[in-house]
Amino acid sequence: MSGGKYVDSEGHLYTAPIREQGNIYKPNNRDMAEEMHEKQVYDAHTKEIDLVNRDPKHLNDDVVKIDFEDVIAEPEGTHSFDGIWKASFTTFTVTKYWFYRLLSALFGIPMALIWGIYFAILSFLHIWAVVPCIKSFLIEIQCISRVYSIYVHTFCDPLFEAIGKIFSSIRINMQKEI
């Protein structure tokens, strides 16, 4: 066992010795070892998607649920022929349905790519720029706040206390003369 390499009882070679409680590569605790092998890892990138309910968080409930009745309506007394009304309904519904599918087929993946890149950049900037800047600012402002606190307690507190004592002795009496 030279050169900092260690071999365990099963013949595995390690660069670090196995301690009594084990290490991250080979725990001595059998329960812990079994738990590590039995854990199921769930990855957010490989989760199953629901092809039936595609808006589980109801993001677009009030925005894009536009039906024929929401757009075109004939008031009482001004009705077109029933056949025209049915054909208009069918034309509107089918056109909206298939044109949405066509646009989704043409632009869905590129838009998903663009929005994925955008939110990746946004997340990156938030994690690596915004939060550290805010933390840095809070650390730096602590020094200024201590100096400001000393200034207020040294100069402003006595001044305003004296002004308060001056004005506390003023009495106002109001009388109504008839």
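Including glycine, each Cβ sits where the backbone N, Cα and C put it.
Feature list (source: Swiss-Prot):
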- 2-104: topological domain 'Cytoplasmic' (TOPO_DOM)
- S2: phosphoserine (MOD_RES)
- S9: phosphoserine (MOD_RES)
- 126-178: topological domain 'Cytoplasmic' (TOPO_DOM)
- 131-142: region 'Interacts with SPRY1, SPRY2, SPRY3 and SPRY4' (REGION)
- 149-160: region 'Interacts with SPRY1, SPRY2, and SPRY4' (REGION)
- 167-178: region 'Interacts with SPRY1, SPRY2, SPRY3 and SPRY4' (REGION)
Within the region 'Interacts with SPRY1, SPRY2, and SPRY4' (149-160), how many residues are helix, strand or coil going by DSSP? 12 helix, 0 strand, 0 coil
What are the DSSP helix/strand/coil residue counts across the region 'Interacts with SPRY1, SPRY2, SPRY3 and SPRY4' (167-178)? 2 helix, 0 strand, 10 coil
Go ahead and report the DSSP secondary structure tallies for the region 'Interacts with SPRY1, SPRY2, SPRY3 and SPRY4' (131-142): helix first, then strand, then coil. 12 helix, 0 strand, 0 coil
